[in-house]
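Annotated features in Swiss-Prot:
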- 20, 21, 23, 46, 115, 117, 195: NADPH binding site (BINDING)
- 116, 142, 143, 166, 189, 202, 207, 208, 211: 1-deoxy-D-xylulose 5-phosphate binding site (BINDING)
- 141, 143, 211: Mn(2+) binding site (BINDING)
């Protein structure tokens with residue numbers, strides 16, 4: 001057998017961090033259908049779902065910071081060392097995912113990146129690390145995945161990158177109608193099947209704020225435009241200098257983006273439903289930046305390049321979502337908490353990882369103190 005044939009038949013080894021979450025769990029179907037090998041996974045405390053994964057993939061090594069189970073190792077680092085994967089799927093939610101992104105880059109492992117917060121809080125640091133790493137980063141967000149796919153063989157001069165957003169469940173509501181939104185309503189996304197945190201981020205537009213910053217770091221441009229597109233069929237577009245466009249379209253199903261990320265955009269397997277053009281109606285509208293402040297905050301960052309701002313936004317947002325779920329604050333209070341945190345901490349100097357970690361910690365403390373005093377819970 002020729003060497004090339006050996007490589008052809010070799011199973012791709014996949015390590016999934018955050019396997020019991022929405023993205024991580026969805027990846028298991030792709031791993032099975034693509035005939036990859038799940039060599040290991042991590043989870044936090046969803047033991048019931050983890051047990052299901054263990055039964056499906058009995059040879060996979062496991063790490064959990066809170067639960068000991070079959071084939072357990074003691075740390076993220078040990079899990080990576082013992083599995084020696086070809087690619088890591090970072091499907092952790094929030095700031096905690098930064099550690100995994102840095103771990104992949106430092107160990108020269110390819111990365112399917114669903115954890116956008118890594119780039120939001122430390123995009124400049126990740127850019128520095130990538131210069132000395134052989135890792136390739138494949139974005140798993142549907143917008144960035146589709147842009148990556150459209151750009152990879154393109155040689156035309158680009159005028160603008162366009163990403164779309166559904167607007168979440170409240171986009172068409174008047175501002176005063178947002179006053180009494182509850183958590184259960186906010187997690188009901190009209191088009192996508194997503195986890196709780198990202199569903200709230202979609203409802204507040206923080207998700208799109210973060211995706212603008214993510215696109216800036218991934219594609220090295222400030223020329224990023226967002227349009228509300230209620231059908232979630234067109235995920236992204238590229239506008240060229242001759243005013244022609246390329247649009248990337250599919251039914252809203254995250255399996256496609258996960259599949260592209262894990263395969264390095266090489267897979268030919270069909271895992272999602274085809275798009276029907278019968279009675280297809282596509283609508284777009286400009287975002288009201290006064291109503292949806294997070295989009296405005298993202299554009300401000302692109303202009304002022306204050307490294308502290310995205311770290312503050314992310315930490316304050318994560319803490320505010322917890323307070324909202326606990327019914328200690330209202331939906332619109334999320335915006336006030338983030339804005340107050342930005343004003344209080346935006347002059348913090350950020351030059352290295354230690355600064356990122358300290359500002360993340362200090363922002364969370366600020367939110368706790370401010371909210372306790374303001375909302376009297």
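Quick reminder: no glycine exception, Cβ is built from N, Cα and C everywhere.
When the alpha carbons of residue 21 (NADPH binding site) and residue 141 (Mn(2+) binding site) are compared, the span between them is 15 angstrom. The Cα of residue 23 (NADPH binding site) lies closest to that of 141, out of the binding-site residues 116, 141, 143, 207, 211. Every protein chain shown contributes to the tally, and the Cβ of residue 46 (NADPH binding site) ends up with 17 other Cβ atoms within 10 Å. Taking Cβ-Cβ distances under 8 Å and a sequence separation of 6 or more, the neighbours of residue 211 (1-deoxy-D-xylulose 5-phosphate binding site) in its chain are 116, 141, 143, 144, 163, 165. For the Mn(2+) site, the Cβ centre of 141, 143, 211 serves as reference, and the other residues of the chain with Cβ at most 8 Å from it are 116, 139, 142, 144, 145, 163, 207, 208, 214, 215, 235, 236. Its Cβ placed at the centre, residue 195 (NADPH binding site) has 17 other Cβ atoms within 10 Å.
Annotation for residue 20 (NADPH binding site): same-chain Cβ neighbours under 8 Å, separated by at least 6 residues, are 43, 44, 46, 49, 50, 53.
Cα spacing between residue 115 (NADPH binding site) and residue 207 (1-deoxy-D-xylulose 5-phosphate binding site): 11 Å, rounded to the nearest whole number. The number of other Cβ atoms within 10 Å of the Cβ belonging to residue 143 (1-deoxy-D-xylulose 5-phosphate binding site), over all protein chains shown, comes to 25.
The most densely surrounded of the binding-site residues 115, 207, judged by C-beta neighbours within 10 angstroms, is 115.
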